[in-house]
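Features reported for this protein in TrEMBL:
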- B:31-104: domain 'Phosphoribosyl-AMP cyclohydrolase' (DOMAIN)
- B:78, B:80, B:82: Mg(2+) binding site (BINDING)
- B:79, B:95, B:102: Zn(2+) binding site (BINDING)
């Protein structure tokens, strides 16, 4: 595999680095997930975002269930090569709760409560089954 | 502290969650760093980004050395409340290498090499000393 040349997985925890998906069209930060070396290589090879699911302990081809895949147009790495940024064309909703982005809530001025600041695009029950 | 209500630090590794700083003006993803509960609380209280430095094992008030602080206009959390997104007004360069963003390199089509795709804003030697 070549991906360890572009990212330094030895700097990750359990070999995992954070990967940020950004909508290339409007710059929205869609989500953050984890990648191991195999996930990055698969992303580069397949042209669609592939993450590593910490709960399932396996590669996670984003959109396999929902159809909400992320076509990757560019992969960037940060100065320390321990964080990955994907510029993507997001199909549908990035978030499993049906929002366009996972960051659909903001912290209120009281610093204690959250307010939803995005519209829900789809009903998760329609996407993932009831 | 109140910040554990808005983010779930029990989901982090060693109590640390990834925090993404995004330029509120143009949507650029500037950097990713880590926050513990104290760092998030300080960010909310002070209005400027405060991270946790894993190497120094202490709070890191971004810009203390460089002057390149990040004024925070909004804090968002993701669906699982285990990733934080800061919308910031970045003063100067976010990256310690003198670039506006830490993601100044893209992975080339050969999947093995990196190309710099941003202009350097400042000479790091001028900011951090030689």
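Placed from the backbone N, Cα and C atoms, the Cβ positions cover glycine too.
Unlike curated records, TrEMBL annotations are generated automatically.
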Inset, instruction - Whole-number Å only: compute the distance from the Cα of residue B:102 (Zn(2+) binding site) to the Cα of residue B:78 (Mg(2+) binding site). - result: 22
Inset, instruction - Please work out the number of neighbouring Cβ atoms within 10 Å of the Cβ of residue B:80 (Mg(2+) binding site), leaving out its own Cβ. - result: 15
Legend entry - Which listed residue (B:78, B:82) has most other Cβ within 10 Å, given these are binding-site residues: B:78
Inset, instruction - Please report the number of other Cβ atoms within 10 Å of the Cβ of residue B:95 (Zn(2+) binding site). - result: 24
Inset, instruction - Please determine which of the binding-site residues listed here (B:79, B:102) has the lowest count of neighbouring CB atoms within 10 Å. - result: B:79
Inset, instruction - Check the domain 'Phosphoribosyl-AMP cyclohydrolase' (B:31-104) for me and report the mean pLDDT. - result: 97
